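Here's what TrEMBL has on this protein:
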TRANSMEM  46-66  transmembrane segment
TRANSMEM  73-91  transmembrane segment
TRANSMEM  137-158  transmembrane segment
TRANSMEM  164-182  transmembrane segment
TRANSMEM  257-275  transmembrane segment
TRANSMEM  287-310  transmembrane segment
TRANSMEM  322-342  transmembrane segment
TRANSMEM  348-366  transmembrane segment
TRANSMEM  378-399  transmembrane segment
TRANSMEM  419-439  transmembrane segment
Amino acid sequence: MESWLKVSCVLCIFGFLREFHPSDPYHAEILMGEWYQVTQDEVNRFVYPVGTYAYLALLIFVFLMTDFLRYKPVIIANILTGIFHWGTLIWTSTLPGLQTVEVFYGFYHAGEVAYYSYIYAQVDKQYYPRVTSHTRAALLVGKLVAGLLAQLVIGLDWMNYKQLLYITVSSQVMALLWAFSLPKVDKSVYFHNRTETIKDVITPDTGGLEKGPEHVKAEVTDAKVTPIPSKGVHALQLLWSHFHSAYTNSLVVQWSLWYAMSLAGFLQVTTYMQVVWKSFENEPTIVWNGAVDAALTLLSAVFALLAGYFHAGRLSSSTSMLSMALLSILEGGCVLLACWTSNIYLSYLGYVLCGALFAFTITVASSELASSLLEDSFALVFGFNTFVALILQVIMTFVVVSENANLNLDVFQQFTVYAFYFIVIGVLYFVAFLLKYVLSCFRKSKLIIKDVN
């Protein structure tokens, strides 16, 4: 087996174990159950927002530490945080305890960057497309199997909701043990991207080449030596170079804005969707959250593959923008279906369709971004776009959800806001497409008139 494939397989097993959280589809059911001293409104307004704030606060720090520590230590620390998060949920029962747990959940999410970027430091660039598909597929399979298992044990009444936490903690412990088998990384994009050797020095008296500083004579004080920046300074210079190169490109800005706005809306929907289902008056005897999560994962994978197929040389940039606009409006419609209906099964359907459409559109946006970027700046740009998305999500959380919000909306009204958020994004990009099309036609007509004259 080739070395790149071995590394990919080891990381895929880790990714499967890391994403295996049977308790996630029933997170709201657990927190609002008999085991915790909190109300539904407290979970909605005081618990979940803490995770969003922590994710935003830690993302940039974790990104830089991942590169500085060369991935593996951050991966291990991230899994330890996951064990602490789900382990603490087993024994805590108070509101302050749950809020503390959410801080660690924010770090757990922020640490995903270590998993996604680790593989690119271990294999040659020619294998990037393959290892990307492998590692993302491992996460999807882990989430799919976790959802199916959760639905099975809940549907057959083999466990209660809280007991699912024990399975999740066990998978995190196994992921921790497996993480120690991950090969060590010798380089990274920013802090460890140069071969750290002592540079040659040219001496002016002989014109010869002598190795190392111990051979430099005192009399060559007039020699021209280019100072070598420290590792930290060099990393910051490279970061700024990649950032400036990317965000002075109008196409990168256009797709980065869409990526951030769409991701912010979807994160908000996925965070609070279970609270909506818990609020239905006709909640079914068997809660189908596990099956819904599995269906969402499977359909998202299919739509992501379809997006890659249709986008590969088949859609122009302007056509991609039009499709994003229309699909974003459809996403808003799906969210409206999920929150306006009185039938919980239609709400399930709206959520699954929204997730599938998001998977399609975010794949197209990522492809458009990647085609306009230097390879080494992928992690920086997608990380910064995620940071912007989290800022937008925090704003939505503060304005719509948190205890400081003056709107005083119930959970169904909150989701109505999120639905129109998607619709407004779609309308804005549709208008941008029309303006771009009109300007293009205007330029062409000017050229034709010029040729005629």
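Cβ atoms here come from the backbone N, Cα and C positions, even for glycine.
Small disclaimer: the values here were computed from a predicted structure and weren't measured.
The transmembrane segment (322-342) shares more Cβ pairs under 8 Å with 419-439 than with any other stretch in the list 46-66, 164-182, 287-310, 378-399, 419-439. The transmembrane segment (137-158) is in contact with the transmembrane segment (287-310), judged by 3+ CB-CB distances under 8 Å for residue pairs 6 or more apart in sequence. Contact counts against the transmembrane segment (73-91), taken as Cβ pairs under 8 Å, peak for 46-66 among the stretches 46-66, 257-275, 287-310, 378-399, 419-439. Counting same-chain residues at least six beyond the ends of the transmembrane segment (419-439), those with a Cβ under 8 angstroms from any Cβ of the stretch are 254, 258, 261-262, 265, 318, 321-322, 324-333, 335-336, 339, 396.
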